[in-house]
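According to Swiss-Prot:
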- Thr13, Arg83, Glu84, Tyr136, Asp246: sn-glycerol 3-phosphate binding site (BINDING)
- Thr13, Arg17, Thr268, Gly311, Gly412, Asn416: ADP binding site (BINDING)
- Thr13, Thr14, Ser15, Thr268, Gly311, Gln315, Gly412: ATP binding site (BINDING)
- Arg83, Glu84, Tyr136, Asp246, Gln247: glycerol binding site (BINDING)
Amino acid sequence: MSKDFILAVDQGTTSSRAIIFDKKGNIRKIAQKEFTQIYPKSGWVEHDAMEIWGTQSGVMREALEFGRVKPDQIAAIGITNQRETVVVWDKETGDPVYNAIVWQCRRTSSICDEIKRDPQFVKYIKENTGLVVDAYFSGTKVKWILDNVEGAREKANAGKLLMGTIDTWLIWNLTRGKVHATDYSNASRTMLFNINSLEWDKKILDYLNIPESMLPEVKNSSEVFGVTDSHTLGGAEIPIAGVAGDQHAALFGHCCFEKGMAKNTYGTGCFALMNVGDKPVYSDEGLLTTIAWAENGKPTYALEGSVFIAGAVIQWIRDGLGLVRSAEDSEYYATKIDSTNGVYLVPAFVGLGTPYWDMYARGTIVGITRDTKREHIIRAALEAIAYQAKDVLECMKEDTGLDLAGLRVDGGAVQNNFLMQFQSDILQSEISKPKINEITGLGAVFLAGLAVGFWKDKQELKSILTTEKVFEPQKDSQAVAHDYRGWKKAVERSKAWAEC
């Protein structure tokens, strides 16, 4: 049977998805299922790792069935995943010892504060992992599990526990425990991986008291990791041939193969990445240095700005405040008024990411008067997404010395034309939206397809992408500067709110 399709496994923060692509990049079928968000305490966020696997395996089978594609027609599987979220499980039983601790979770802030008391070690972490010390990353989450789950430390020291980011957890289950591996992009998000020597950093592991025996093998982003177990997908042994964290996969899906090319993904969070080539660039502006992907043992590096809350603020005004009935309604209400009338909403629900890195910042609405209506709050929530993206992209310009020559965008929120136009205005730059909005999944299948020869080279990948719409700035630079000053003032009000 001919291998006409590639399956993207897209495991996100709020849902598990499976997308079947053909050779022209067309989508044959998408299946999606949401799963439970667990909030045990304020600032804590967890997922049930078994529910993640259950929903993910379920949507894979659903996509094949309703897409009328047989497992034998799948040339390869590409995995892309929510990053930093980490699972620790029993090597023998495959059972997690605790829920997955999600990237948004702030429970390890006190551990990070302890690390920050040693400036030399903080410097070592930045220079060798490319990251800042923050509860966002996997390393301190693993330490917390080992220190707080009964018996976990003893089992880990005895070599009985394994850890991994979500890609590793899925690969383990897809292969029924035959493969314990991750890729360079996901490894670079743990705060445990040395992006210069390209190996797990023993000094950091020792500091956090994490046994190296727990850690997965690190492989190229485009490489055959193994094959699915015959019991997993209808008896077929399908190569798992592409793996990348969601934002890295999106950069690859946008075909940002050249140095200086950038993209922004608008999902639960908001993430901008710029390809900086084959050597890491370290930021003075609060950006992260990360591995975008690796091929043949050679990494491509990127600068990244991470915004914790983007699309999630629209979920909040829908579910938490009841201001809209659907996310789509937000555009309607935002366009009923000409401005926010001086209202700013800073969605620092779990702190602030780039460039502020304030774990203790909290959400703030400022500028409210007796005339403030729900439309102003809704519009301010949308504008906050664009302002946060501008914060990040301004830092990239400072670190690289490059002006932003257009931005490629993807994610659910790019369907909101008001947001995209406001983003173009506030950046004073062109915004390009591709016809294929499933860029993250596309990046995963591009990586997998190259590994198995489904596509011959990157030039062929570029021919698959086409632009749907280009947004041009419609607001003058002086007005933009005035509005942005207001945003920066609002951010200052939100800082250090939850500090002990």
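Here the Cβ of each residue, glycine as well, is placed from N, Cα and C on the backbone.
Where Swiss-Prot records a feature, it is marked here on the structure.
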| residue | record | Cβ within 10 Å |
| --- | --- | --- |
| Thr13 | sn-glycerol 3-phosphate binding site | 22 |
| Thr14 | ATP binding site | 16 |
| Ser15 | ATP binding site | 15 |
| Arg17 | ADP binding site | 23 |
| Arg83 | sn-glycerol 3-phosphate binding site | 28 |
| Tyr136 | sn-glycerol 3-phosphate binding site | 28 |
| Asp246 | sn-glycerol 3-phosphate binding site | 29 |
| Thr268 | ADP binding site | 25 |
| Gly311 | ADP binding site | 22 |
| Asn416 | ADP binding site | 21 |
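Neighbour density around each Cβ, counted as other Cβ atoms within 10 Å, peaks among the binding-site residues Gln247, Gln315 at Gln247.
The most densely surrounded of the binding-site residues Glu84, Gly412 is Glu84 (count of other Cβ atoms within 10 A of its Cβ). In the three-state DSSP classification, Arg17 (ADP binding site) falls within a strand. Between the CA atoms of Ser15 (ATP binding site) and Thr268 (ADP binding site) there is a gap of 11 Å. Rounded to a whole number, the distance between the Cα atoms of Thr13 (sn-glycerol 3-phosphate binding site) and Thr268 (ADP binding site) is 7 Å.
Within 10 Å of Gln247 (glycerol binding site), counting C-alpha to C-alpha distances, fall none of the binding-site residues Thr14, Glu84, Tyr136, Gln315. Taking the mean position of the Cβ atoms of Arg83, Glu84, Tyr136, Asp246, Gln247 as the glycerol site, the remaining same-chain residues with a Cβ inside 8 Å of that point are Gln82, Thr85, Trp103, Arg189, Gly245, Gly269, Phe271, Ser306. Secondary structure from DSSP puts Gln247 (glycerol binding site) in a helix. According to DSSP, Gln315 (ATP binding site) is assigned to a helical segment.
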